[in-house]
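Notes follow once the structure below has been shown.
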Amino acid sequence: MSGIGSKRAAGEPGTSVPPEKKTAVEDSGTTVETIKLGGVSSTEELDIRTLQTKNRKLAEMLDQRQAIEDELREHIEKLERRQATDDASLLIVNRYWSQFDENIRIILKRYDLEQGLGDLLTERKALVVPEPEPDSDSNQERKDDRERGEGQEPAFSFLATLASSSSEEMESQLQERVESSRRAVSQIVTVYDKLQEKVELLSRKLNSGDSLMVEEAVQELNSFLAQENTRLQELTDLLQEKHCTMSQEFSKLQSKVETAESRVSVLESMIDDLQWDIDKIRKREQRLNRHLAEVLERVNSKGYKVYGAGSSLYGGTITINARKFEEMNAELEENKELAQNRHCELEKLRQDFEEVTSQNEKLKVELRSAVEEVVKETPEYRCMQSQFSVLYNESLQLKAHLDEARTLLHGTRGTHQRQVELIERDEVSLHKKLRTEVIQLEDTLAQVRKEYEMLRIEFEQTLAANEQAGPINREMRHLISSLQNHNHQLKGEVLRYKRKLREAQSDLNKTRLRSGSALLQSQSSTEDPKDEPAELKQDSEDLATQSAASKASQEEVNEIKSKRDEEERERERREKEREREREREKEKEREREKQKLKESEKERESAKDKEKGKHDDGRKKEAEIIKQLKIELKKAQESQKEMKLLLDMYRSAPKEQRDKVQLMAAEKKSKAELEDLRQRLKDLEDKEKKENKKMADEDALRKIRAVEEQIEYLQKKLAMAKQEEEALLSEMDVTGQAFEDMQEQNIRLMQQLREKDDANFKLMSERIKSNQIHKLLKEEKEELADQVLTLKTQVDAQLQVVRKLEEKEHLLQSNIGTGEKELGLRTQALEMNKRKAMEAAQLADDLKAQLEMAQKKLHDFQDEIVENSVTKEKDMFNFKRAQEDISRLRRKLETTKKPDNVPKCDEILMEEIKDYKARLTCPCCNMRKKDAVLTKCFHVFCFECVKTRYDTRQRKCPKCNAAFGANDFHRIYIG
């Protein structure tokens, strides 16, 4: 393709000029290398040789150009890579420099309190590398991006200005930027120094001992910190806003980068495809050049020559002779005339065919109408019509009879089915009633059983509790009786000890009166000091043992009480949980019973509404059964309440056992106190015996004084003992009252035991009642079973009725059979009539055969006419063809007789060149050459038209309206 185009282009500037003139023109402009063509016999050979040499030179020039293009392409790629690395490094430097300036500005805003530095670094300029514009379709997008970015930053295109400016201007601009950064850094240093000075002043004021200075420093520091806080808050808000805007811009830029990367990948793929296409075209061009050279060599070697006034092999193509061109034009005109003649003939034939078809249809319609009229007028048709009408009337009558029989049969069947359905409905409703009643009774029975089981379990629990409490109660009775006896004995002993004390006091008074001498005092002085501390020790030990014993007994009692209290609390908690569970179960059962009763009542109401007129007796029975069941339910609920009360009574028993434990502890305490009193009485008796012995001794007089002192001490002790005795007596009274309370409590417990026994008896009676109810329910169940049997008997009776109805149905079916027999006889008569009709049809067939014979003869005549007309048409056709041949031969004769008025070959070539140029120009704009192909439909246009169509979203082929996309058009290179 490119080779052919280049050859034409080389030969375009006037082919009529001879080669000598061409060389002269070339010499006038440029120096051309001389080429030896060898021996040439004619101008045609000279043209061929010159063209061959031109082709070779052009091929060499193309190879050189291709090599230069490859070198330049590699050089361009290297430069692009270098530029990309330089741009990347410049962008990195600019980014970090701008970041540095931004950080300096933020630091100044952060620390400079005196002046607002919002506009400090307005001179800061961002290094932005202008991206290359690879395609025309992306230019508009970049313009839009620039328009958007113009309002965002004041100095946006620093690198662009650097690229457009000279080296001196670049140095000045960079110097300005460095100066601005240096000034910002120096300002940071000054700000930091100011802050340092301020901090030092505040620290001096704070460190100074003066309170006023400290207050001033604190106030200044507070104000400073408040200002700093507000400034920092503003700064954080500003930075947050900036961060938001930057994040949004970053997301936008990231999306743009992704789209650009996808576009770059698409463009790279397109470049690869185009490169591959170029390589392919070049290979093809080289192959064609080689092939053309071989063809030319063969032509030269074999000695082919092309003669004619303007014939020449130009650019690898052989031009056409003018005479041949005229001949071809003449032939084309003749062919046009022939085509017109043929078209006229075809039109005539089509019109004739339409006329014949219309006549044929008319004749068919006339034939049909004529045959029907003829058949209707025949006497056989009229006879058949009368017979058909008679038979049709008879068949209608038979149909009416048959329909009546069918309606009767359907009616009887319908009534029978309705009766059966009614019986089945009654049976189903009765079954449902039975089921509901049985289910209700079973539910009530199950509830009664559950309640009975619950009561039995509770009764067993109460029995077990009573069995456990029985031996405890017996032991308590024995203990109480033994304690009563023991208390009586203790009272007697106390009275006896009181008497002994009175006697001892009287004896002591007597001894006081007797002892008066000093001898007894001296004798007693040696022995009494030894005895007194021993006695005192004994008394103190007795008191300690008494207090320890009382404390131990109290602790034991408290421990027992605490254990019992814990056990009772656990029991109470368990019993409460059981009660709650039982109450929940009972509530659930009650709800179920209510739901079931509601459902049963609804079902009964529905059943009653359906069968009000039929089952009055059944209603009364059901109402009585329901009343009985309700009464039994009420009784069961009352018995349940009584059982609950009994359970509560049994649960209250452990609390009374607590009082028993307290009484036991009080009794133990009183026993211990009585034992202590006995021991003290024994000690006093021993002392009296010792004193009597001492008084009998000779040294009694000496010890009188000591005895008097001892008497005083003993008097004090006696007063103490009296007080203790009074306390013991009060305690004895308290124990007596407690004992009386215990007796009363025991009486109450006995009453409760009796009540429990009565409750147990009631439970047993209720159990007997429940057994009786169970028996009654069984009897009711048996009655219901009897009712079921009666219903079954009713169903059997209804089945008998159904059988009778079926017998009636059989009778009706026999009647239908007789009717069908009559119908068969009628059908036989109809068949006889059909036979007659068949005979008439045979007659009609004979007539048809005669008619067909006549039609055959007519067809034969028609065929002969058609054959004659066809032969005539053939003769006419041959005559026309002969006339056309004569006219064509006459034209040839005229052309041979005419002189040679053939135009020059250069004019023909120029017209061909114009035609080819018109073909190579774009049909959309009629300006540019075709250099883009649509791969969907393979129509060729210029790349600018296709691109504008793609950008303006008119993505359809201008010729065939085939849709195309971004990857569906490619560049092509034609010469």
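Cβ atoms are placed via backbone N, Cα and C, with glycine included.
Per Swiss-Prot, these features apply:
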{"type": "REGION", "residues": "1-37", "note": "region 'Disordered'"}
{"type": "MOD_RES", "residues": "Lys21", "note": "N6-acetyllysine"}
{"type": "MOD_RES", "residues": "Ser41", "note": "phosphoserine"}
{"type": "COILED", "residues": "43-90", "note": "coiled coil"}
{"type": "REGION", "residues": "125-155", "note": "region 'Disordered'"}
{"type": "MOD_RES", "residues": "Ser136", "note": "phosphoserine"}
{"type": "MOD_RES", "residues": "Ser138", "note": "phosphoserine"}
{"type": "COMPBIAS", "residues": "139-151", "note": "compositional bias 'Basic and acidic residues'"}
{"type": "COILED", "residues": "168-375", "note": "coiled coil"}
{"type": "MOD_RES", "residues": "Lys348", "note": "N6-acetyllysine"}
{"type": "COILED", "residues": "429-898", "note": "coiled coil"}
{"type": "REGION", "residues": "507-622", "note": "region 'Disordered'"}
{"type": "MOD_RES", "residues": "Lys510", "note": "N6-acetyllysine"}
{"type": "MOD_RES", "residues": "Ser522", "note": "phosphoserine"}
{"type": "COMPBIAS", "residues": "527-540", "note": "compositional bias 'Basic and acidic residues'"}
{"type": "COMPBIAS", "residues": "543-552", "note": "compositional bias 'Polar residues'"}
{"type": "COMPBIAS", "residues": "558-622", "note": "compositional bias 'Basic and acidic residues'"}
{"type": "MOD_RES", "residues": "Ser562", "note": "phosphoserine"}
{"type": "ZN_FING", "residues": "922-961", "note": "zinc finger"}
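Its Cβ taken as reference, Lys510 (N6-acetyllysine) is surrounded by 10 other Cβ atoms within 10 Å in the chains shown. With respect to their backbone Cα atoms, Lys348 (N6-acetyllysine) and Lys510 (N6-acetyllysine) stand 190 Å from each other.
Mean pLDDT, taken over the coiled coil (429-898), works out to 73 on the 0 to 100 scale.
The local packing around Lys348 (N6-acetyllysine), expressed as other Cβ atoms within 10 Å of its Cβ over all shown chains, amounts to 10. Secondary structure of the zinc finger (922-961), assigned with DSSP and counted as helix (H, G, I), strand (E, B) and coil, comes to 9 helix, 7 strand, 24 coil.
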